[in-house]
C-alpha cells in the first residue's frame, strides 16, 4: 500500500532530482493536486501544501479522512471509490464547497456540521449492508440547510425524502435508482424546495405512478428539468389550467353537496303544523222523541197498539179532560 506524503507528491510532479528549496517553493504554490488511482491507502502529512484548492484522491484505497488540518483553502475534495466508512475530520476545511464521496462504505451522512460553506454533496452508490439505507444526521442537515444546492444520493435504498426538506436552497437533486414510492410524500417536500430547478428520480417505483410527471410539474413551479428532460412552459401552463378547472369543479360539487345536506337537515328539524278551522262545526244532536205514554201503557198490558186514528181521538179526549179540570179548579 502507498501513503500519501510529500515524497509521493514530488515523485508524481517530476521533482525528484530538483533541489529541496525548489520543491518547497513548488508545493507552496500548488493549487491543484491529482493523485487519483495511485493505490493510496492513507493520507500523510501535507502541511506544506497550504495553498491547495483542489485535491483529487478518487479511485484509491483510503479508509479514513485524516491529516487535512493544513487544508483550510481547499474548495474541492474528490474522494470517490475509496474504502471510507465515516465522514470525519473535515472541520478545518472552512472553504470547502464541493465534496465527492460516492462509491464508499458510508452508512450515515454526518460530520458536516462545521462545514458551513458546502454547496455540493455527492454521496451516491454507497456499499451498504444488505437491506439498509443511507441515513442522515439531523445536525448535519440543519448546518447545510442554507448552503447546499446540489445533492446526489442515487442508488442508496432511500425510500423517503421528508428529512431533506430542511435544505431550503436545494436547486438540484439526483436520487436515481432508490426506493421512493409515495407521491404525497414527494409533493410535500417539493412545496418546501422553492428554489429547485432540476430533479432526477429515474429508476424509482414512484415513476410508475399515474400522472407522475404531471403532478410534479404542477407542484413545483420553479422546476426546469425532470428526469433529464426539459419542462416546456406551454406544458406547465396547460397543466396549471387543467388543475385550476378541476379544482373549480370539485369546489362546485362540494358546495352543491353541502346545500343538499343542509336542506335535508332543515327538513328533519322542521316542526309539523295543523290547519285549524275558523268556525268549527259542532255535531248535531238528534232530537229524542217524547215517549208516547199511551203506547207504553198498551205495551205494559200486552195490548195491541191502537190504530193511529183511535190514538189521535184518545189524545184529544185526554186534553179536553185536562182543560176541564183546570177550569173547575
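Just so it is clear, glycine is given a Cβ too, placed from its N, Cα and C backbone atoms.
Note: TrEMBL annotation is automatic and uncurated.
TrEMBL lists region 'Disordered' for one of the ranges 227-246, 247-266, namely 247-266. Across the range of the compositional bias 'Basic and acidic residues' (251-266), the DSSP-based residue counts are 16 helix, 0 strand, 0 coil.
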